[in-house]
Amino acid sequence: MGSSSSSYAPKTIYMDVDGKVQRVIFSRHCSPCDIKELLLTYPINNFLFPSKEKEDMFQNVLSQVAEQFICICFKVNWSVSDSLRANALEGLKVVEIEKCKNDLKKLRDEMTSRGVRVNCNCKYNFTDDGKKLSPRRDVPSYPKYTLSQETIEALKKPTFDVWHWEHNEMLSCLEYMYHDLGLVKEFNINPITLKRWLLAIQENYRDNPFHNFRHCFCVSQMMYGMIHLCNLQVRSYMCILMTAAACHDLDHPGYNNTYQINARTELAVRYNDISPLENHHCAVAFQILSMPECNIFANMEPDSFKQLRQAIITLILATDMARHGEILDSFKQKVDSFDFTNEEHVKCLKMVLIKCCDISNEVRPTEVAEPWVDCLLEEYFIQSDREKSEGLPVAPFMDRDKVTKPTAQIGFIKFVLIPMFETVMTLFPQIEEIMVQPLRDSRDHYEELKQIDDAMSEKKTTESMSLGGKKK
């Protein structure tokens, strides 16, 4: 599957800083407010203009530059006390807003190195490893793919092969899901804002082996399939389920809650060791939604948004596996006399549904599911190696010296996946053939692999003992 990229001509401001020309690049999609905000965020005036009078003059001229940047197609030429020179050049290579931020950061770092105090009131937060969370403001438009009827039907099924799709195509599929479920119309979502929001979501998933944007798409696609399979028809439920699925692992650092807590990371300290990752995913999700250009719920009434926000938070927090037993037990108590008019019953169902989708890879065909096991083990091994080097406890199922693919999967499928999906099957019997049976087949598959591994291991032990006896 091919992908294409959007191109646009960037614009440049040149600044004469202490005799050295510094360049700040903006894309043509950057609004005047964005330019003004980004420049004013960094106190370069403290360095260029030591006097209050000149500082005010700089702020005034800079505001004018920002306001007129797009209006006059960037063809400007300003001068302030021979210290500020700005012009715009067209036809430069393709750039994005991140380049602009990096250039500004270099200016700030240079000032800091010269002893200038920098008080940045930047609204973006920093994660524990210093990675800046920056929901994209001037997101380029991704290509609009026309989905074939075959793809549209496949999207509704757990058998969908998520490995055949590139990021742009996955974004188009997610966009289609929101339209197909009637969410764009029901919640009066601006289609352009939906695109920007989806791009911001993608941008804020890291390139981890497992917890990445493809995993986000996997969970969202499985949720879309379950909505159709279980014939859920209340659009507010659909919106909550789909949005929580898309946001549930935002900015995941690739190290789980156990590591966060044991290593006493910033996230663990911030959230008092209580689901630090899930709380962080929620925070990032609503930071993105707090930006007007990414707020797909801008047209909702405040009270309705407040309820939707709380529901999404509840679902994302439910993905913490430390709460698995508690949530499943609660659902089991309700399922035999389930009442769709009971808010507590419905809330519990939604929590279980997102849990099912989050860990649903083994529902998929073996050729689709098995690569995910490799990805997860790779992420586990990276964490366990780091835990060993830092003298932290290491979970046996994450230790590359102790775990195998069959041993990693058998217990998880038998004692976590099958019991949960069978409980959901009590309420929705139609999922047995397409979701529960594949889990049973997967369990049998890994048990066979384990028997083969055990036989080979026993054979090697016997041969080793035989060779040892001969040497004597």
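Including glycine, each Cβ sits where the backbone N, Cα and C put it.
What TrEMBL says about a protein is an automatic prediction, not a curated fact.
Because the structure is a prediction, the values reported are computed rather than measured.
As given in TrEMBL:
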DOMAIN    135-453  domain 'PDEase'
ACT_SITE  H211  active site, proton donor
BINDING   H211, N212, F213, R214, H215, D249, D358, Q409  AMP binding site
BINDING   H215, H248, D249, D358  Zn(2+) 1 binding site
BINDING   D249  Zn(2+) 2 binding site
COMPBIAS  451-462  compositional bias 'Basic and acidic residues'
REGION    451-472  region 'Disordered'
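Summarising the environment of D358 (AMP binding site), the number of other Cβ atoms within 10 Å of its Cβ, over all protein chains shown, is 22. Cα spacing between N212 (AMP binding site) and H248 (Zn(2+) 1 binding site): 11 Å, rounded to the nearest whole number.
Recorded residues the residue listed as 'active site, proton donor' and H248 (Zn(2+) 1 binding site) have their alpha carbons 10 Å apart, per Cα-Cα distance. Taking H248 (Zn(2+) 1 binding site) as the reference point, the binding-site residues whose C-alpha atoms are within 10 Å of its C-alpha, out of R214, D358, Q409, are D358. Q409 (AMP binding site) has a Cβ environment of 26 other Cβ atoms inside 10 Å.
Binding of AMP is attributed in the record to H211, N212, F213, R214, H215, D249, D358, Q409, and the widest Cα separation among these residues amounts to 23 Å. Summary: among the recorded positions (H211, R214, H248), the fewest other C-beta atoms within 10 A of the C-beta are counted at R214. For the recorded Zn(2+) 1 site, residues H215, H248, D249, D358 set the reference point as the centre of their Cβ atoms, and the other residues of that chain within 8 Å of it by Cβ are H211, C216, V219, A245, H252, T319.
Same-chain residues at least 6 positions away in sequence with a Cβ under 8 Å from that of H215 (AMP binding site) are, in sequence order, Y205, D249. Between the candidate binding-site residues, N212, F213, D249, the densest Cβ environment within 10 Å is the one around D249. Under DSSP, the residues of the compositional bias 'Basic and acidic residues' (451-462) split into helix, strand and coil as follows: 12 helix, 0 strand, 0 coil.
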